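Asks: Can you read through this structure? Questions will come right after.
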Amino acid sequence: FQMKRDSRYSTMAAQQKQEEKLWDAMKISAFVLGTGLLIFTALMNSVSWYVQMIWETSSYFWQTTWLKLYYLFEGREWSLFLFGAGLVPSLAFWCFNGILMVADVTGKPTFITRYRIQLGKNDPVDTQKLRQAIYTALFNQFFISLPMLVPMFYVMKWWGNTFNKELPTFQWFLVELSIFTLTEEILFYYSHRLVHLPLLYKHVHKKHHEWTAPIGVVSIYAHPLEHIFSNTLPVMTGPMIMGSHIVSITAWFSLALVTTSISHCGYHLPFLPSPEFHDFHHLKFNQCYGVLGVLDYLHGTDTVFRQTKAYERHRVLLSFTPLSKSIPESPKRAE
């Protein structure tokens with residue numbers, strides 16, 4: 001009887017702790033969003049006239065450019081969709097990763113390599129492993145991502161807004177971007193947790209984790225099933241829910257591919273988003289499953305990460321001093 005009562009008290013304590021943690025997360029989120037809204041409102045009020053002039057000028061430029069492109073394709077909507085949702089994001093991915101691969105293979109320019117996160121790893125990168133990663137990335141793009149654009153195209157046609165001659169406003173694009181990001185965070189986090197289950201990890205996700213010190217192109221180095229359900233669908237779902245314009249889709253797909261490359265690149269470069277969070281996942285496997293880290297905090301899958309120097313370095317670098325120098329690892333104690 002005593003053991004049952006202790007067990008019940010333990011369960012109640014655990015539930016109370018989880019509720020307190022969820023409440024803390026909600027308060028933090030409300031504070032961050034509220035503060036951000038106040039700052040945004042203050043900035044908009046103080047520079048509204050300048051913002052309005054800049055926006056009107058840029059809006060005209062983009063609208064004119066879009067119409068030129070639209071008429072260039074002469075109404076061939078599938079070709080336009082393939083160009084915007086397929087070709088442009090792929091070029092953004094390979095141009096960005098081409099620069100990174102030069103640094104990975106040659107160790108130059110030092111402006112990039114001095115910002116390496118896992119010191120001594122991929123210095124230089126194993127060229128045989130790199131070739132395999134490139135082949136797999138190309139396979140996933142041409143034989144998985146590209147065919148998946150076909151059903152997406154018909155979903156967007158059903159919405160009827162994707163090829164509108166009038167571009168969405170910048171304000172509406174920001175709303176869409178917020179929804180895209182939230183949708184990706186939810187779908188990626190839970191699908192990623194799923195492929196870490198022992199059976200799926202062994203047969204599916206283990207391929208991606210062959211790289212404990214990742215590089216940019218490894219962002220889409222994955223088993224075909226993982227590339228469908230964890231890499232591609234979380235990014236595609238937001239625009240399909242919103243019935244977005246092809247220009248919004250192009251910008252979002254390009255942004256998603258470049259940011260996931262940054263997360264995997266292995267370098268904490270100045271003025272770019274911090275890759276420390278996902279790099280730590282590759283190093284430890286059972287931490288930091290998400291993109292933004294919100295769900296990791298709520299589910300307690302970042303507790304180990306928060307106790308490390310990597311967590312202290314997990315911020316945008318606003319100087320040219322590598323964080324590995326300004327926030328070095330603690331010296332190991334002699335046994």
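Indices start at 1 and increase along the chain as displayed.
Quick reminder: no glycine exception, Cβ is built from N, Cα and C everywhere.
What TrEMBL shows for this protein is this:
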TRANSMEM  30-51  transmembrane segment
TRANSMEM  78-103  transmembrane segment
TRANSMEM  138-159  transmembrane segment
TRANSMEM  171-190  transmembrane segment
DOMAIN    179-301  domain 'Fatty acid hydroxylase'
Asks: Reported in the order helix, strand, coil, what are the DSSP residue counts of the domain 'Fatty acid hydroxylase' (179-301)?
Replies: 86 helix, 1 strand, 36 coil
Asks: Give residue numbers and ranges for long-range contacts of the transmembrane segment (78-103): same chain, 6 or more residues beyond its ends, CB-CB under 8 A.
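Replies: Same-chain contacts beyond the ends: 69-70, 109, 112-113, 125, 130, 141, 145-146, 149, 152-153, 156, 162-163, 215-217, 220, 246-247, 249-250, 253-254, 256-258, 261, 265, 267.
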Asks: List, by number or range, the same-chain residues at least 6 past the transmembrane segment (138-159) whose CB is under 8 A from its CB atoms?
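Replies: For the transmembrane segment (138-159), the sequence-distant neighbours (Cβ-Cβ under 8 Å, at least 6 residues beyond its ends) are 77-78, 81-82, 85-86, 90, 220-222, 224, 227-228, 231-233, 236, 239-240, 243-244, 246, 249.
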Asks: Averaged across the domain 'Fatty acid hydroxylase' (179-301), what pLDDT does the model get? Just tell me the whole number, please.
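Replies: For the domain 'Fatty acid hydroxylase' (179-301), the model's average pLDDT rounds to 95.
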